[in-house]
Amino acid sequence: MNARRGWIEVVCGSMFSGKTEELIRRLNRAKIARQRVEIFKPALDTRYHALDVVSHNANSIRSTPIPIAQEMLLLAGACDVVGVDEAQFFDESLIDVCVQLANRGTRVIVAGLDMDFLGKPFGPMPALMAVAEYVTKVHAVCVCCGEIASYSFRITASESKILLGETDSYEARCRPCFLDGMREKTTEPLSAAAKH
Ligand code: ADP
Ligand code: MG
């Protein structure tokens, strides 16, 4: 029988909701408990720093960027705790990799956006939430009205699902303010055309 017991924790929410902060907090506590910790992030997330996982309030922790989730199976062999940030950018194989790690006895903590900029479930996150023992949904503050925010509203016009950006590209918004913004976006081209 496996002496160690593994499990999966998911920390999800919109942009600026504190997912990375919460991930760093849990991993630092594991380090205090003298556990072996490794943090991975998708190689495409190069915001701020190529190697560190950095939160919006500048907390950071050293991480390993990997191009595909399977690399974790090789690199996390001796770990007690594995953290994954920006998990939404990995493909669906991340789900099986996390399950395999947990089955081996590893504690897996996965942080990622639960919804994309259209408010749709993002990549492997919904399935990870299904197989996890613990799911924590954290919230940002709506920049329009100050209510609790669950949506990442894209300010720029790009239609690409992956657009790395910060306060210049996204805003945290509550449901009504997100819906208002989406409605404005669809009527904008008409009103712009009407001006000419
Ligand atoms: P996430 O990983 O979910 O994008 P971070 O953990 O990187 O979030 O950053 C959370 C921090 O972002 C907060 O502690 C706060 O300092 C900052 N922040 C900026 N804008 C907002 C907002 N609209 N709501 C809440 N926190 C915000
Ligand atoms: Mg983050």
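Cβ coordinates are placed from backbone N, Cα and C, and glycine is handled just like the others.
Caution: TrEMBL annotation is automatic and unverified by curators.
Sequence annotations record features per position, and here TrEMBL assigns ATP binding site to Gly13, Ser14, Met15, Phe16, Ser17, Gly18, Lys19, Thr20, Asp85, Glu86, Ala87, Gln88. Annotation note: Asp85 (ATP binding site) sits in a coil segment as assigned by DSSP.
Feature annotation from TrEMBL assigns active site, proton acceptor to Glu86.
The secondary structure of Cys174 (Zn(2+) binding site), as reduced to three states from DSSP, is coil rather than helix or strand. Residues annotated as Zn(2+) binding site in TrEMBL: Cys142, Cys145, Cys174, Cys177.
Cβ neighbours of Tyr170 (substrate binding site) (same chain, under 8 Å, six or more residues apart in sequence): Met15, Phe16, Phe117, Ser152, Phe153, Arg154, Ile155. Sequence annotations record features per position, and here TrEMBL assigns substrate binding site to Ile162, Leu163, Leu164, Gly165, Tyr170.
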### Task
Restricting to the same chain and to sequence separations of six or more, state which residues have a Cβ under 8 Å from that of Lys19 (ATP binding site).
Val11, Cys12, Gly13, Asp85, Ala111, Gly112, Leu113, Val138
#### Entry: Largest tally of Cβ atoms lying within 10 Å of a Cβ, found at which of the binding-site residues Met15, Ala87, Cys174, Cys177
Ala87
### Summary
Listed in sequence order, the residues of the same chain lying six or more positions from Cys142 (Zn(2+) binding site) whose CB sits under 8 Å from its CB are Ile148, Ala149, Ala172, Arg173, Cys174, Cys177
